[in-house]
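Colleague: Here you go, one structure.
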Amino acid sequence: MTRPISFVTGNAKKLEEVRAILGPKFPRELLPVKLDLPELQGEIDDICRKKCLEAARRVKGPVLVEDTCLCFNALKGLPGPYIKWFLEKLEPEGLHKLLDGWEDKSAEAVCTFAYAPGEDAEVILFQGRTQGDIVYPRGCRDFGWDPIFQPKGYDKSYAELPKEKKNEISHRFRALNKLRDYFVAENQ
């Protein structure tokens, strides 16, 4: 029997969303594991690789970590991988206000999943990107910066969209599609 993958998260909403997107036919079992990993600085791919290797070392087995960025084009990619800290300090209104002096309200949501089959194994990255705009906070406020991100082609923020719709278009959906394809192919 294949060993379950430890999915490093302490966020129940994220776990729920990941399981909903992967669906019941995903060929591996995901077990949530809460680890206090170091908050690294740098570029998203490097951050994800390092976090994944540290998690694999601690778990001593297959591990999956996720990192999300929200990149404001007017701010040359900031807050980027530091979105968690910006959101914690500024809340959605403050994030929106960061762009007050800028005409360009466009942004890119980036989700990167990093998988390592074990300690000292090569890390595989699965990345999804969604273009959109930063809007005044609208909708439910129970999931991070969803109230301020409006994906291109939609007139609603992530928070205003039905979960099923968001889970068909989001940056996380795009990354998880790649991850699912990898594991389905590996299972054949």
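Placed from the backbone N, Cα and C atoms, the Cβ positions cover glycine too.
Given the structure is predicted, the values throughout are model-derived calculations rather than measurements.
Annotation comment: Swiss-Prot describes 9-14, K51, 67-68, K84, 143-146, K166, 171-172 as ITP binding site, evidence class sequence analysis. Here Swiss-Prot flags E39 as Mg(2+) binding site, drawing on sequence analysis.
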Colleague: For the C-alpha pair, I'd like the distance in angstrom between K51 (ITP binding site) and E39 (Mg(2+) binding site), rounded off.
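Modeller: Between the alpha carbons of K51 (ITP binding site) and E39 (Mg(2+) binding site) there are 8 Å.
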Colleague: Measure from the CA atom of the residue listed as 'Mg(2+) binding site' to the CA atom of A12 (ITP binding site) and give the result in Å, rounded to a whole number.
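Modeller: About 20 Å separates the two Cα atoms.
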Colleague: Can you see whether DSSP assigns K84 (ITP binding site) to helix, strand or coil?
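Modeller: K84 (ITP binding site) sits in a helix per DSSP.
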Colleague: Quick one: Cα separation, the residue listed as 'Mg(2+) binding site' versus K84 (ITP binding site), in Å?
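Modeller: About 10 Å separates the two Cα atoms.
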Colleague: Below 8 Å Cβ to Cβ and six or more residues apart, same chain only. Which residues does that give for W145 (ITP binding site)?
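Modeller: For W145 (ITP binding site), the qualifying residues are L70, I83, L87, P92, L95.
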Colleague: Give the helix, strand or coil assignment DSSP yields for W145 (ITP binding site).
Modeller: coil
Colleague: Given the binding-site residues K51, K84, H171, which one's Cβ is surrounded by the fewest other Cβ atoms within 10 Å?
Modeller: K84
